[in-house]
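Going by TrEMBL, these are the annotated features:
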TRANSMEM  C:12-34  transmembrane segment
DOMAIN    C:36-384  domain 'Ammonium transporter AmtB-like'
TRANSMEM  C:46-65  transmembrane segment
TRANSMEM  C:77-97  transmembrane segment
TRANSMEM  C:109-128  transmembrane segment
TRANSMEM  C:135-153  transmembrane segment
TRANSMEM  C:165-183  transmembrane segment
TRANSMEM  C:204-223  transmembrane segment
TRANSMEM  C:235-254  transmembrane segment
TRANSMEM  C:290-312  transmembrane segment
TRANSMEM  C:324-344  transmembrane segment
TRANSMEM  C:364-385  transmembrane segment
Amino acid sequence: MVSQYPPNLRIRLPAFILILEAALILIFGVFVSYDHSQNLTRDYPVFQHVNLMVILGFAFFLAFLKRYGFSGTGFSLLLAALGVQWAVVVEGFLFHFSAGKIKISLQSILTAIMSIITVLISAGAMLGKVNLMQLIWMALVEVTVFAVNRWVAVNILQIQSHVSVMHAHLFGAYFGLMVSWMLHHSSLSQKAEKERSRPVSNMFAVLGTLFLWIFWPSFNSVLIKEEEKKWTAIYNTYFVMATSVIAAFSFSAATNKNGKLSMAHIQNATLAGGVALSFSASIIQQPWIAMALGLAAGMISVLGMACLQKHLDPALKIHDTCGVHYTFGLPSLLGGIIHIIVILTNHSNNLSVFGYSALIEVGALSLSLVISLFSGFITGLILTCKLWKAPPVTKYFDDQAYWEFPHLAVGF
Amino acid sequence: MVSQYPPNLRIRLPAFILILEAALILIFGVFVSYDHSQNLTRDYPVFQHVNLMVILGFAFFLAFLKRYGFSGTGFSLLLAALGVQWAVVVEGFLFHFSAGKIKISLQSILTAIMSIITVLISAGAMLGKVNLMQLIWMALVEVTVFAVNRWVAVNILQIQSHVSVMHAHLFGAYFGLMVSWMLHHSSLSQKAEKERSRPVSNMFAVLGTLFLWIFWPSFNSVLIKEEEKKWTAIYNTYFVMATSVIAAFSFSAATNKNGKLSMAHIQNATLAGGVALSFSASIIQQPWIAMALGLAAGMISVLGMACLQKHLDPALKIHDTCGVHYTFGLPSLLGGIIHIIVILTNHSNNLSVFGYSALIEVGALSLSLVISLFSGFITGLILTCKLWKAPPVTKYFDDQAYWEFPHLAVGF
Amino acid sequence: MVSQYPPNLRIRLPAFILILEAALILIFGVFVSYDHSQNLTRDYPVFQHVNLMVILGFAFFLAFLKRYGFSGTGFSLLLAALGVQWAVVVEGFLFHFSAGKIKISLQSILTAIMSIITVLISAGAMLGKVNLMQLIWMALVEVTVFAVNRWVAVNILQIQSHVSVMHAHLFGAYFGLMVSWMLHHSSLSQKAEKERSRPVSNMFAVLGTLFLWIFWPSFNSVLIKEEEKKWTAIYNTYFVMATSVIAAFSFSAATNKNGKLSMAHIQNATLAGGVALSFSASIIQQPWIAMALGLAAGMISVLGMACLQKHLDPALKIHDTCGVHYTFGLPSLLGGIIHIIVILTNHSNNLSVFGYSALIEVGALSLSLVISLFSGFITGLILTCKLWKAPPVTKYFDDQAYWEFPHLAVGF
């Protein structure tokens, strides 16, 4: 099956990407240099944990569709590679710009990688329905808006920097849902054959999920500076991941009429705990609280997928291929609420001061929510433009629209 | 194919797991708190190596059956997630209980994760023949008994703590074999079609094997405190793994009548060296001894699979799906014998003192063997009870008994 | 399909490997002992990154052929396990021999693992066309010659030791191409059905590629001693990998007549930047230079695969299964040229001194090129000998020639 617009793709896509990259190299050449003032031996292995999560974990997490494995992994890699460079620049101008230079360090690259998960989460909501140019454009906008959002949260609302990065889950999910809503097509209300998974593509997705699951303690702790809080975040995240698994298996069996497990539930709900804990990983002092939170997050995730995704999403005309609303969106909202409760109870003797601090967190969370929805709306509006040559619905969820197959092998 | 007892599974399994988890959260709430007195920067990356081995390595190591990939990976994850929490509690009460509190640290979680491999090894022997409730029950019993076994070894026999954890291979293998013996069904004497692997499921198992292989030096060294011994353990384990590979390939070709290699041999025998070295990794001073041990362990593993598994196992009415006897059981016994010889030769000038020390190791090893066989026997007896609704033989080795498949896809 | 020479393989292969291993154990026993004088806490996690790349990354990188996944992963593991031991010995005699003993440390094992990629790269060029005995023989020769080559570069030409290890890409590629040229068979000019990939085997290759991609910063930096240069190498490599991805996607789409992407291009070209940067990772001071280099390397890699591999290779009677010339060969040559330019520009005020230093680098590079071509020629000559019982062309690219399949499953 030959693509309907070969000459365009052949010229437009490479030209678009290469001009972008040339611009990036120019900006790096003029503004960016290395900062050597740090001793980062402690952080490099953990940096690679986060790298493994974002590059390998997400790439395979998004490889669950039966005929979309190449795009799931390949497009993730491209978005991450391009997005990290762009994020280093945008965050550099906003956070590390002095004397006409951006000094970058392991910390800057790390924050850039972590910002990229907004893009990968949003890409999960749109998986299989947009082309590479649309994804790249979305990545550029989303990274920029998320960096501005972080700048407001850190510099105006005085949120801690490492907490502001954790808004990525919330931001990515609602941004992606909004874009997905704008791009909704009536035919998506019925699940297409190609929108399903296969056992083998699910196994690759399990691999991605396990990488995310295993290294989540690193993700939740890496930006925290104080040693003791770092370790608390690691321990809490370990236990929250463990109880998410428990919730995923229990509620997956409970919501199926035959008591059978759904691999989609397991893949998504096992991660919900890590998302929900992200804001408060370092300030929860008792393991049982983290464990209860993991159980609740896993439950919300499975129940969301089992009930809301089937009934609410079509009613709202939202099509969320990967279920990011239930892996990242709702658990993150739950985490925000818990974060505020934890702040209040940790300082129950001095409510006036910490009531204010809690209020600020509410503000930051609402800000991220509003900005993600609004910027997602605008981005979606732009992506509906004919200029992008979006794939026709018949080519949704199909690698053959973008990848050359020697022998037209059908699926795996 | 609809499960025969849907209402039961749908209610019983979630109820069972959730009540367990609620009990765990309650116990954690009352007894467990974090110990912040340590600087653990050095250990966290190695902690994650062990985590990768146990969670990802074992999950894919057990994914080799053609129609049992979801259960192989999924059930491993659930057993690990639940087992770690339980192990933290049980070991906490036995080893770290003071002033009514259990203080947990990275070290406690690490030991808990390492104890869990007993469960995953035993699950390998029973792979495909029991349901999730049976596995969970087995995990609870096995973790408890192994912790008690360790307590006796450390506090009464005065075995070093890190050596006692290494009994996990031996314990897990013989516990699992005993359970498997109790659950033996006559139809298992003929290899069922579904009990085979497929190239693609074998590739996933290779992935798991490589994770185990690569991080085994971390596993054998992480609990050792003295720097020099830690490095000795890392070097020795690296070389023992290398020569296990040599043995695996040589003897696999030599035992096949056409000189062809068997992927099952490679997967199992490449790990045998790491198991055999586990007791004496830090006290062997010469690389060549480790290398010779790796060669011997790999040889025993392949010869065991090629000869004993085909002839002895059916005669003894043992069905060992994953061949854990030949990957973990026999190599661990070999390792125990070598350990004693190494102790004796390292101190040949003072045999009276160290003969006693060697005797103690013999005692500890025998104790683990006896306790694992006995507790495995009792556990097996309990698991034969009708209450567990064990799967019928026709549903053995089949994901469809437990997992929902959108389109009844047959295998990979 | 039964192998045509069963009795030979069954006896010859195991005998060959076991005698080799016995010799190795003997040499280790007489000469090798551990050096405990180092504190290597900082380096162990990075050691494991390199281990993951070489063992897991390369094993799956070479698993892309539809019917050759077992051999791709299995043979890589065997070559690495055997090669590391041999490299420790050879390098030990050349670099660490004093008072009749070779003292080995983490650094020695690390250098040995990194030398092994020469063998794995060469094996990539010959993938599917030679048997295990030929590969092992090749590994022994190649490791030896590469170590001698390094010894000359370090001790006579006074090249930095960590730079000399980076010649591995160049050496492995041209050695492999030369062997492949000697073993060329006319029937290879037409692409056989079995020489293709399948989506699922490509997904495994993507996994290998991502491991290589993620840990390349560790590979390029681990041997560098000065902290600041180490971090420069890490940052530069991170950016060079990112822009290689950009180049891979752009030029892959641009070279296809329908604007479609080729997974083979992506797998190879995303790594080209890391290869090209390897010589100068620590001395490039500006990120934009690394980024531009990544773009150029990725471009060369894709254009090479799209044009030269189709037209030049058959004309030269070279058959390069994995395209190692375009992933490792040409990018490494580019990197060598850039290295010399960087040396010259970094010290443009003192051209006389550093012109000499640049000249030495040219000499070292030429030396590696000449030695790899010459020793590859000799090795190829030896491997054409009938004694090796090379597989007939009908058995090329087929696991069934070497592996036992229970039910003669055809491919994945």
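Glycine residues also receive a Cβ, built from the backbone N, Cα and C atoms like all the rest.
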The transmembrane segment (C:109-128) in contact with the transmembrane segment (C:235-254), cutoff 8 A, at least 3 CB pairs, sep 6+: no
Residues of the parent chain within Cβ reach of the transmembrane segment (C:364-385), under 8 Å, 6 or more residues beyond its termini: 122, 130, 134, 137-138, 141-142, 145, 148-149, 152-153, 157, 159, 163-164, 167, 170-183, 336
Range from C:77-97, C:135-153, C:165-183, C:204-223, C:235-254 with most C-beta pairs under 8 A to the transmembrane segment (C:46-65): C:204-223
Long-range Cβ neighbours of the transmembrane segment (C:12-34) (under 8 Å; 6 or more residues past either end): 82, 85-86, 88-89, 92-93, 97, 100-105, 132-133, 136, 140, 389
Feature contact check the transmembrane segment (C:324-344) with the transmembrane segment (C:290-312), CB under 8 Å, 3 or more pairs: yes
Same-chain residue ranges lying at least 6 outside the transmembrane segment (C:165-183) that approach it to Cβ under 8 Å: 111, 114-115, 117-126, 129-130, 138, 142, 145-146, 149-150, 153, 220, 223, 275, 278-279, 316-320, 324-325, 327-329, 331-333, 336, 364-365, 368-369, 371-373, 375-377, 379-381, 383-384, 390
Integer average pLDDT (0 to 100) for the domain 'Ammonium transporter AmtB-like' (C:36-384): 93
Stretch with greatest number of CB pairs under 8 Å, the transmembrane segment (C:135-153) reference, C:77-97, C:204-223, C:324-344 candidates: C:77-97
